[in-house]
Structures are given as C-alpha cells and as structure tokens.
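A.B. asks: Quick one: structure below, then a few questions.
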Amino acid sequence: MSLTKSSESVFTEEEEEDSFSGRYTLWIKEALEELPHNFTITDPFISGHPIVFASLGFLKMTGYSREEVIGRNGKVFQGPKTNRRSIMEIREAIREERSVQVSLLNYRKSGSPFWMLFHMCPVFGKDDGKVTNFVAVQVPISGREHHRKKLRNVGDLSSDTSPTFGSCRREVCFGNFVCQDRALPVECDDDEQGLEDWEQCEASESEKLKATEAINNVLSILVHYSELSGRLVCGKRYCLRGVDCLSSSLVISLGRIKQSFVLTNPCLPDMPIIYASDAFLTLTGYKRQEVLGQNCRFLSGVDTDSSVLYEMKECILKGQSCTVQILNYSNRKDKSSFWNLLHISPVRNASGKTAYFVGVQVEASCRNTEIKELRPETRQLSVVGAVRVAVRSSLMVTC
C-alpha cells in the first residue's frame with residue numbers, strides 16, 4: 001500500500017502539524033512520543049479530517065513513516081476485508097462526538113492485515129465546548145486464548161488438522177495472518193459448515209483495559225500542555241452559555257466544500273466567524289486560530305469603502321442576501337490588498353430562523369479570467385447551497 005498526498009490538499013505536512021501544536025506548546029510532540037502506546041490524533045477542522053500526530057508505536061505497527069501518515073485520513077489503513085459495519089460505528093461516533101471501541105481489521109504498508117482494538121475519543125476545548133481533536137488508540141489483538149478455545153469447540157467441524165486462527169472471521173483467512181510479529185499460516189476449507197459460528201476477532205478484557213489506560217494517558221498529556229498554552233482542553237464537553245458549538249460532523253461536511261467562505265453566527269455578540277474554509281485561509285493568508293471569533297470587518301482597511309460596509313450591515317439586519325465588491329486586506333508578507341467579490345446569504349434552520357450567515361469570497365481578478373466550469377457568481381450560489389445542505393443534514397450540538 002503506497003500513500004500519496006492528494007493534489008487537492010491545501011495544507012502542507014508542517015502546517016497540519018502546526019494546527020495541532022498551536023493549541024498546546026512546541027513540547028507537546030516530544031511528550032507524546034515518550035508514550036509507549038500506538039495512537040493517532042486527528043483534526044476535524046482540517047479538510048479531510050487528517051492525522052496530525054502519529055506515535056512511534058503506531059508507525060512501527062503499520063510500517064509507515066511519519067511523512068507518509070501525517071495529512072492522511074485514517075481510512076487509508078483500511079482494505080477490502082475491513083468490516084464496513086465497524087467503519088459505520090466509527091463514523092457514527094464522530095458524528096455524535098462520543099467515544100467508541102470496536103475490533104477492526106487494518107492493513108500494514110506491506111499489505112498484510114492485522115486485527116486491532118480501535119478505541120477513539122473526542123477532545124473538547126474547555127472554553128467553548130467544541131471538539132478540537134480525536135484521539136484513536138490501536139491495540140493489536142493477540143487472539144491466542146480465544147484461538148485455543150475455538151479450536152477445542154470446533155475441532156469436529158473439519159478433518160483438516162492445519163492451524164486455524166479461530167478468533168477471526170473467514171473473510172480474512174488468506175495468505176499469512178500476522179499476529180504479534182509471528183506469521184501464522186491460515187488455511188480455510190471452502191466448506192461453509194460451521195463458519196457461521198466464527199466471530200469477528202474480539203479483544204480480551206486486558207486488551208480493552210490497555211486501550212482505556214492508553215487513552216487516559218494521552219488525554220492527560222494533552223490537558224497538561226493545553227494548560228501551559230492557556231487554551232484548555234478536556235475529555236468532556238463544557239459549553240459556555242452563548243457560545244456556538246458546531247458538531248464535528250458539520251465541520252467535516254463544510255470541509256468538503258473547496259471554495260473560499262466563512263460561516264458567522266448572528267445570534268452571538270458582534271457576529272463572529274465560527275468556521276473558515278481552507279481556501280479562505282489561503283486567500284487571506286491568515287491562520288485558522290487568527291480568524292475564528294473575529295468579525296468579518298477585520299479584513300477591512302483604510303481604503304475600504306464605508307458605504308459598502310453599511311450596505312452589508314443593512315442586508316444582514318434584514319436577513320437578506322447581497323453581493324458587493326469590497327477592498328480587503330490580506331495577512332500575506334506584503335500586507336497586500338485585494339478586491340473581493342463577496343456574496344453574503346442567510347442560512348436558515350428547519351424552523352426557518354436565520355441560524356448563520358455564509359460569506360463567499362472570489363478574488364475580483366478571477367472574475368475576468370475565463371473559467372470553463374462556472375462563473376464566479378454561479379460558484380458562489382453553489383457554495384451557499386452546499387452550506388445550507390450541510391447545516392440542515394448534520395447533527396447540530398446545542399449548548
């Protein structure tokens with residue numbers, strides 16, 4: 001299995017790792033690397049929900065280098081025999097922002113499959129209750145004890161005396177099954193007799209306890225180093241009154257939209273930005289933590305037309321859409337300004353109340369460029385539609 005970076009990725013590996021260490025301190029990675037566990041940490045606020053940290057134990061277990069893992073989604077370790085039901089359990093847990101523990105068949109870089117106990121939990125920001133990361137611990141399932149038990153129970157099902165990895169489903173009985181660094185030959189009879197009694201590999205109680213202890217150790221490190229940075233995290237959600245909480249499922253859905261846009265909450269004081277797309281960060285030169293919580297006027301400068309700002313304010317107060325051309329300022333090295341073709345539109349909830357405003361930006365220089373697919377105005381309306389669908393279909397977390 002060879003991993004390659006997607007050409008659509010906005011973030012470099014360094015930027016993806018910075019998005020993680022920015023909440024803590026520069027020493028967080030060194031502290032995490034001292035832990036003996038196999039685990040990864042992902043960031044749902046980055047498009048594609050990529051891995052932003054991988055432990056040395058995880059890299060050794062899978063055979064990949066850190067450069068091959070950082071920036072990738074965890075699904076790249078799955079394969080043709082990975083149980084789809086287990087994957088749906090994990091996705092559902094992410095959507096509901098809760099912990100989950102399942103047995104999972106993953107694949108090493110060499111292509112060999114292995115069973116593991118997958119234990120994932122969310123990490124919440126203590127100030128706003130939003131999910132900041134997901135921690136996933138992977139404990140290899142040995143299966144020895146279960147193997148012996150199964151052999152005794154199903155010994156009369158087949159005359160074949162070759163060793164069978166009884167704790168695993170037939171769907172993975174091919175080639176060599178690697179267990180605890182030892183290759184065990186696995187042979188399966190084509191006869192289906194008795195196979196319905198075979199179960200998916202189940203972790204022992206000690207392996208489940210090991211996963212729980214590992215999660216607690218990782219969380220302890222994250223909490224400690226977040227205290228040093230002043231941006232506290234915790235393993236439980238603490239929502240402050242008046243602070244908007246976007247579910248991670250909504251954040252992931254919004255991350256699939258590749259255009260430049262921001263989402264603001266008109267119900268909060270000063271209508272702050274609560275989501276900024278990767279393309280917006282590229283256009284303006286700002287980092288995500290510099291944008292969230294700001295009012296959109298932070299992009300304005302000395303030469304920004306105040307009458308345009310007033311027009312935008314009036315439309316927002318009336319709950320109406322508007323399209324303007326406004327001079328904005330970037331955070332690039334040259335602090336350059338750019339003409340922004342900005343479309344603002346309300347996003348309503350199921351009851352018809354305005355829940356958010358979406359602002360879609362197109363650099364005006366692109367307006368005169370021949371675009372084969374869609375005109376800028378059409379692209380903006382497409383983004384608005386995609387945001388509305390994401391908001392209405394995602395599970396919203398209410399504080």
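Cβ atoms are placed via backbone N, Cα and C, with glycine included.
Annotation comment: Swiss-Prot describes 26-97 as domain 'PAS 1', evidence class sequence analysis. The domain 'PAC 1' feature in Swiss-Prot is assigned to 98-153; the stated evidence is sequence analysis. Annotated domain 'PAS 2' per Swiss-Prot: 249-320, in sequence order. The feature S-4a-FMN cysteine is assigned by Swiss-Prot to Cys296, with similarity to another entry given as support. Positions annotated as domain 'PAC 2' by Swiss-Prot: 320-376.
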A.B. asks: Could you tell me the mean pLDDT over the domain 'PAC 2' (320-376), as a whole number?
C.D. replies: 81
A.B. asks: Near Cys296 (S-4a-FMN cysteine), how many other Cβ atoms are within 10 Å of its Cβ?
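C.D. replies: For Cys296 (S-4a-FMN cysteine), the 10 Å Cβ neighbour count is 22.
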A.B. asks: For the domain 'PAS 1' (26-97), what are the DSSP-based totals of helix, strand and coil residues?
C.D. replies: 34 helix, 8 strand, 30 coil
A.B. asks: Using DSSP, tally how many residues of the domain 'PAS 2' (249-320) sit in helix, strand and coil.
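C.D. replies: Counts, helix then strand then coil: 35 helix, 8 strand, 29 coil.
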